[in-house]
Structures are given as C-alpha cells and as structure tokens.
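Under the heading repeat 'Gelsolin-like 1', Swiss-Prot lists 31-111. Sequence annotations record features per position, and here Swiss-Prot assigns repeat 'Gelsolin-like 2' to 151-219. Per Swiss-Prot, the feature repeat 'Gelsolin-like 3' maps to 273-339. As annotated by Swiss-Prot, repeat 'Gelsolin-like 4' applies to 416-484, with the evidence given as sequence analysis. The repeat 'Gelsolin-like 5' annotation in Swiss-Prot covers 536-576. Per Swiss-Prot, repeat 'Gelsolin-like 6' is recorded for 643-714. For 755-778, 878-893, the entry in Swiss-Prot reads compositional bias 'Polar residues'. Feature annotation from Swiss-Prot assigns compositional bias 'Low complexity' to 833-842. If you look up Swiss-Prot, you'll see 905-970 marked as domain 'HP'.
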C-alpha cells in the first residue's frame with residue numbers, strides 16, 4: 001500500500017541519498033539532526049534515530065535504520081524514536097531494515113559504524129542533564145569492561161577490585177596512564193581488540209599523550225605495570241574464579257513463536273514447520289526467537305498498522321521481561337538473511353533480467369530482417385566486463401593430470417585444454433612487494449573425480465613446498481575469473497579429453513568419446529575482451545549452440561567458416577579472425593554474416609533451428625562480506641563482520657571473504673597446521689552451506705591466501721597496508737607495540753615470491769614472459785598473412801628473440817655470457833641475421849588469392865576453388881611481383897601503394913557510397929553484400945579507405961573487416 005509523504009516527518013525528506021551516516025536525536029518529541037562532528041557521541045538520557053546508507057555495486061542504496069535508547073531515556077522519547085523510525089523507512093520507500101538498540105546491548109552491525117567503540121556519556125535533553133564537553137571537565141579515573149572478539153562492547157563499571165574478573169578485559173583510564181588488564185580466560189583476539197579502545201581513549205581523553213601499561217592476570221608485583229595497577233586498587237588480592245556476565249549467550253533452547261497482528265489484536269499462529277506461506281502481505285507478524293523479535297510487515301499494510309506492530313513488539317518484551325532483546329523490523333521483499341534462515345522453506349529471489357533478454361531478442365530479430373537496430377541495441381544497459389587484477393607478464397607453467405601423475409605441457413600446448421581433463425598451473429609474476437605466485441587447479445566439465453583429487457593433492461604439496469607463500473585457487477570450467485583468462489591470454493578449450501583417467505572412464509562406462517579431431521566437424525564460440533584475453537570454446541555442433549552476441553568458427557576438414565552474430569561487436573569479430581590462427585592456421589575462412597549463411601553451413605550443424613541472442617550470463621561480483629570461521633569435525637561455524645577493515649583480520653584465525661563470484665579463504669600466520677591444511681575444505685563447505693542464501697554454486701572459484709602473501713585482487717577490498725601483515729608477534733603483541741610506541745614495529749618481510757622450483761617442472765627455467773606475450777597476442781599493427789605455410793610459421797617462431805624481456809620484470813641477477821666464435825666480429829652484423837632476413841623476405845611475398853575477385857561468393861561451396869588470380873602487370877609493362885632481393889613493403893591504413901598505377905577494375909557496376917552503406921535509405925539491390933566495397937569507384941574507394949584497392953586487398957582479413965565496419969560496408 002502506498003504511503004503518503006504527508007504522513008512522514010519533513011525532517012526526513014532527502015535522507016538516504018548518499019553513502020554514510022545520518023543521525024537524529026529526539027528533542028521534545030521531535031527528530032532533530034545531529035551535526036556530523038558529533039556522530040558517535042551518545043548520551044544516556046537521550047534517544048536517537050540512526051540511518052546507515054550503503055552504496056552497492058549494482059548502483060542502488062541499502063538502508064539500515066537503528067533507534068538507540070539510552071538507559072536513562074524517557075518512555076515518551078523511546079516511543080517517539082520507534083515511530084520516527086517507521087516514518088523514515090516510509091520516506092525511503094519501505095525498503096530499510098529497522099533495529100532496536102538498547103544501551104549496553106547493541107548489535108554488532110550498529111557498533112561497526114562507530115569503531116572501535118561507543119562510550120555513552122551522562123546527560124540528556126529531557127532529564128535536564130547538562131552535556132559537558134570533554135575539555136570542560138577534569139579527568140576522572142574510570143574503569144571499563146570490554147567484551148568481544150571482533151566487535152567491542154564497552155561498559156563503564158565501578159572503580160573497585162570487585163569489578164574485576166578472570167573472563168573479561170578491563171581498561172583503567174587514569175590521568176597519566178591507561179592500563180589494560182587481561183583476564184586469564186580472555187583470548188588473544190579479545191585483548192587485541194580491547195587495545196583499539198585504549199588507543200581511542202588515549203586520543204580522545206589525553207590528546208594522544210599518555211603512557212600505556214599492559215597487565216596480565218596472575219602476574220604480581222614483579223612486573224612494573226602490574227605493581228602500579230594493583231597499587232591503584234589498594235594492593236593485590238585474588239579474584240573470584242566464577243563470575244556472572246550480563247552478556248550471556250543466547251538461549252538456544254528457545255522455541256520460536258509466530259504471532260499475527262490483525263487490527264490491533266495479537267493472534268498466535270500454530271505451525272509444525274515455519275514456512276513463507278504462513279505470512280500474508282496484508283498483515284503484520286511478530287516472530288519471537290528469544291534473543292530477538294522480528295516484526296514482518298506485509299507490503300499491503302498501511303503506515304499506522306506498521307507503527308502499531310512496532311509498539312506491539314515493545315509491549316511483548318515488557319510482558320516477558322526481556323528488555324535487552326533486539327527488535328528487528330522488516331518489510332516484505334527486503335528480509336535479511338538471518339530472518340529467512342529461520343524458515344525451513346523460503347523461495348529464491350528471481351533475477352530481474354527479463355527486459356534485457358527481451359530487448360536482445362527483439363534487436364536480433366529486427367536485424368535479421370534488415371532493420372537498423374543501433375538505437376535499440378544501445379538501449380540495453382551494458383554490464384562492464386570484470387577487469388583482471390593481476391600482472392599479465394609473468395611466467396606460466398601448466399601440467400595435465402594423468403591418473404595419479406602430472407604431465408608437463410610444452411609451451412605450445414599449455415593453452416589448449418580439454419573438458420575431460422584436469423590441469424595444474426603455476427604462474428609467477430611481479431607484485432607490489434616482489435615476485436608473487438599463483439598455483440591453481442582447473443577442472444573440465446567432464447573430468448573424473450579421481451583426477452580432481454590428484455590435482456588438489458599435487459597443488460597443495462606445491463604450495464606447501466613454497467612455505468605457503470603462494471596463493472592457491474580451485475577453478476571449474478565455465479566459472480573462471482578474469483584473472484585466469486588474463487594469465488592464459490589465448491585459451492582454447494576442446495571437447496573430450498586425452499588423460500588416462502578420462503579415457504578409462506569413457507571406456508568402462510561405454511560412453512561415446514567426443515574428443516576433438518582436427519579432421520572432424522567442430523564448432524567454437526569465440527569470446528573475450530581483447531587480443532590478450534580471448535577464448536575459443538568448443539560447443540556442441542548444433543544450431544542451438546549459436547548466439548547472436550558472439551562469433552563462431554566452424555570447420556569440417558578443409559572447410560572453414562567464420563559466423564558473425566548480428567549483436568557481436570567489431571572486437572568480437574577481430575578475435576574470431578585471430579583465433580583462426582590457432583584452430584586452423586593454414587586454411588582460408590569464409591565469413592558468414594548472421595542471416596546470410598550457406599546451405600552447407602546449416603548442413604554441418606544438422607538442422608536450422610532457433611538459438612539465443614543474449615550474452616551468456618556470468619556471475620557478477622557483489623558487495624563483499626567478511627566472515628570469521630571455526631571448523632571442527634567437519635562442522636563450519638561463521639560469524640559476519642560488518643564494515644570490515646584490514647585490522648579485523650587476526651593472525652590467529654581463518655576468515656572468508658565472499659564476493660559471490662568468488663570466495664577467498666584467508667589464513668593467518670598463527671593458524672595451526674591442521675587448520676591450514678583444511679583451508680580449501682573450509683571454502684568448499686562455506687559454498688555448500690550457502691550462508692548468504694544466494695544460491696551459490698559449488699563450482700564458484702575458491703582462493704586460499706596466507707597472511708603476508710595477499711595478492712592485489714584480494715587487497716583491493718580493503719584499505720590495505722602490506723606492512724601490517726608482515727609484523728612480528730601475535731595480534732595482541734602487534735597492536736600493543738603500536739599503541740605504546742606510537743609507531744609500527746620493525747618489519748620482518750619474507751622474501752616474496754619464491755622462484756620457480758625445478759623440482760616440480762623437471763627443468764630449471766621457463767620461457768621469458770616477453771616471449772610468452774608475443775606468442776600469445778598480436779599487435780594490431782602487425783599484418784598477419786592467413787594461410788602461410790607451416791614451415792614459415794615454424795621458422796618465424798624459432799627465430800624470435802627469446803632474450804627480449806618486458807621492462808616490467810628485472811633481468812636475472814647473473815647472466816652467463818654466450819660462447820663466441822673465434823672469427824666473430826661484434827662490429828659486423830652476423831651472417832645468420834642476413835640469411836634470416838633474406839629467407840623471411842622470400843616467404844613474405846604476397847600469396848595469390850584463393851578466390852578470384854571477379855567471382856561473386858556463391859552458396860554453392862562444394863565446387864573446388866582452384867583458380868587463382870595472376871599478378872597484374874604494372875603500367876610500364878613490368879611484373880609487379882617483387883624480386884628476391886627487393887624488400888617486402890607492408891601496407892598500412894595510411895599508405896597508398898603505387899599511386900600512378902591504374903585501378904584494377906573487376907568488371908562490376910559502380911555505385912555511390914551512400915547507396916552501398918548498410919544503413920542506406922535507398923540501398924542497391926542484386927549485389928554481393930559481402931563485398932560492398934568492390935562496387936565503389938577507384939576514386940571514391942581511395943577517398944573512403946585512404947588507400948587503393950590493391951593495398952586494401954593485402955591487409956589481413958580482420959583489418960579489412962574493421963575498416964568495412966567503420967564505413968558501414970560490412
């Protein structure tokens with residue numbers, strides 16, 4: 001039900017429009033804004049409304065509203081705060097989650113807004129207390145108790161020995177010194193977090209200038225700080241063993257109760273199993289879980305009904321005498337994960353992408369019919385491709401798993417994967433602190449379980465041999481992150497497999513082996529973001545495998561087609577041309593535009609049928625969530641840390657950072673060996689539990705990262721200081737050194753990163769990364785000759801300089817001198833180089849075109865293409881073919897070769913450019929639409945393309961297509 005803004009306090013208009021905090025204090029039953037400089041300062045006699053607005057990656061805002069009640073606040077102010085919270089939610093569109101916060105028992109989410117803590121001050125508006133400024137009052141010795149491993153709850157207690165106990169941590173703030181007393185039963189992590197409160201008191205109460213002392217429970221007068229501390233209490237005396245904590249754990253035995261609110265009346269709802277179907281959109285409900293009460297408000301309920309529901313929850317707490325229980329109010333459709341987890345069945349949220357899918361289908365349909373869909377296609381929101389966060393100039397080594405062994409792949413084979421196999425890769429690259437290393441496993445969709453187990457075991461041993469200073473990642477085909485594709489740059493994934501495990505599995509189960517064959521029929525989908533991030537993936541040889549948003553390569557023996565989808569980009573088309581050099585380097589491809597296919601093309605695909613037009617959806621990176629973990633006997637328990645920072649990563653613990661598209665398991669240096677070995681299992685168990693109820697895939701990438709070896713694609717989620725993860729000691733010792741000395745301790749940085757170990761490779765070196773980059777990517781200015789002989793390709797590969805290095809990598813510390821011939825003269829170019837130049841020049845002569853330009857493309861492709869066009873003589877009668885001694889000139893877009901030579905007319909009619917354009921309002925009919933440029937006159941061709949037709953013909957096919965696309969002739 002729509003809510004009128006007349007029912008909402010005007011002070012809330014415009015709230016929640018930017019990331020950050022907004023706070024209002026209740027003064028005379030009205031909400032009054034609190035200035036930003038006073039945020040985090042609360043008074044025990046007041047009530048507040050706090051709005052936390054978070055900007056999400058999808059461009060929207062998430063709103064969390066809290067109303068905080070001081071222990072001395074009046075009942076009227078508390079009630080007003082609750083009502084104003086409902087009004088603020090209405091002003092925000094009814095999407096916020098609302099929390100009731102009681103002084104001393106605040107939620108961890110609320111406390112995370114005011115790190116490291118909040119310490120309410122005496123005073124209040126209604127009570128008449130005077131708000132004294134810090135610099136107006138004299139220092140009074142105060143004692144605080146601190147509880148919490150990840151978020152600190154601070155409470156002031158009487159300054160007396162009887163307040164101390166063995167379970168908690170206490171901070172004594174005196175005029176000249178701050179003491180931290182660590183109870184013997186407190187953890188290292190709790191002590192480290194309490195030190196953040198010490199730092200806060202030092203900065204706020206002492207202007208950062210006072211001594212800090214640490215006192216360990218059980219240490220007597222021998223310690224100077226301990227002696228001084230106990231002296232303030234009148235001397236040392238034993239503390240009682242058992243103490244009662246007013247922050248006891250939640251009652252796990254409490255049986256949940258569901259109560260329906262109908263016209264001001266409360267009606268219990270009986271149920272055997274709590275399901276979503278019990279909730280009606282026209283009503284409000286209370287779900288009493290003991291330590292918290294949830295108020296669920298149906299979308300169709302009026303504002304007054306929602307206010308009454310909040311009051312009913314407050315009344316329920318008074319009746320059952322649970323004043324410290326939390327109240328969480330939620331609107332239908334915006335329920336929290338914790339609330340949904342209370343139900344045995346909760347429907348999954350559907351992704352709202354129907355409009356984009358429909359738009360793509362309509363655009364593809366119209367384009368097939370010859371309409372210009374440029375505007376329609378652009379109307380769809382473009383999802384940015386994730387950018388790789390890794391240096392791509394490193395050294396790569398790859399192994400294929402064969403049964404229980406691994407087989408090293410040569411440089412030419414390391415980027416050719418099979419879907420039935422498992423692979424292990426090791427990638428060393430320059431990082432911010434030195435060389436970094438990534439060791440990963442890749443599982444094909446049809447790989448066998450035994451080889452997956454072997455891959456994980458071998459990769460784990462490789463990481464262990466490098467003293468856990470390498471990052472480990474487990475990947476599945478189809479779920480690879482951007483970093484993986486950037487490392488491999490030009491990846492081809494074939495069907496089937498060649499490993500012993502796959503072959504054995506196929507044989508034993510009587511399954512047809514569909515392993516790729518060069519002479520068979522195969523269809524590849526080409527994808528990627530650029531020449532150094534492109535993939536060709538073999539798909540089923542069927543029309544249903546096509547997609548209007550991609551380009552495809554289809555071959556059957558010596559027949560080769562390139563299919564261009566109507567919604568594909570010019571970059572997609574360029575990548576398809578480049579992939580031909582990998583899949584079929586010695587064949588000439590026939591380019592087919594969607595809607596202009598040959599009959600033979602459809603015959604190879606079986607039968608013509610419908611196919612999709614929308615790009616294949618990828619898991620999008622969402623806003624990260626950090627969880628602390630405990631894992632024992634196969635049981636994983638997690639606790640979310642809100643508004644996290646690097647300081648939340650404790651060296652004694654294991655944490656999970658969930659970004660939806662991938663999961664990072666961070667392992668502290670002081671984690672025990674057993675837990676460290678189970679890190680990958682922790683990540684897999686986390687995915688299995690689906691903690692955030694996002695329908696996470698078990699094949700989501702899982703990274704295992706050891707403290708001190710954090711890569712940039714992990715640290716980008718934090719404001720990162722690499723020095724912190726390289727500090728001495730445990731969490732408490734590190735923080736104490738900073739608090740006491742005011743500076744960071746001396747660092748002991750490990751040598752990052754270990755060089756490639758020959759024990760895993762069977763060789764002592766790997767190809768230089770510059771060599772790797774050259775062989776896996778192509779310069780856009782390089783003219784590549786399609787169909788040149790394998791002999792020339794091999795010769796060119798052998799003569800590439802393997803010693804040329806990318807400048808981003810330092811040269812080896814020691815370089816052995818190469819042996820020189822006694823007769824060599826360093827001042828003269830070697831004869832070998834001259835010989836290579838001569839041989840290369842002879843190989844680079846322009847090859848005759850396979851299809852004569854005078855013949856139009858015909859659907860009948862079964863006729864042998866044996867006729868070749870002969871070189872035309874120049875005007876002076878000389879043959880235009882260069883001699884062996886003449887250098888080969890490579891034409892570029894701006895060059896105009898042989899300007900004085902008459903144009904080679906092809907016997908075709910000449911039409912003006914405006915009628916040949918694909919978007920022409922008066923298009924020419926009965927022409928070969930794949931060669932629109934050939935119908936231009938020589939003069940207009942030169943005007944439009946900036947070169948002659950001969951120069952254009954000598955360009956690589958992909959460059960020709962790019963020019964034609966730019967001129968709307970493609």
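Cβ coordinates come from backbone N, Cα and C, glycine included.
For the repeat 'Gelsolin-like 5' (536-576), the list of distant contacts is 360, 363-364, 367-368, 373, 377, 419, 491-495, 516, 519-530, 582-584, 587-595, 597-598, 600-602, 604-616, 861, 958, 961-962, 965-966: same-chain residues at least six beyond its ends, Cβ to Cβ under 8 Å. Using the rule of three or more Cβ pairs under 8 Å, pairs at least 6 apart in sequence, the repeat 'Gelsolin-like 4' (416-484) is in contact with the repeat 'Gelsolin-like 6' (643-714). Taking the repeat 'Gelsolin-like 4' (416-484) as a whole, pLDDT averages 95 in the prediction.
Secondary structure counts, DSSP: the repeat 'Gelsolin-like 5' (536-576) has 10 helix, 16 strand, 15 coil. Break the repeat 'Gelsolin-like 3' (273-339) down by DSSP state and the numbers are 23 helix, 18 strand, 26 coil.
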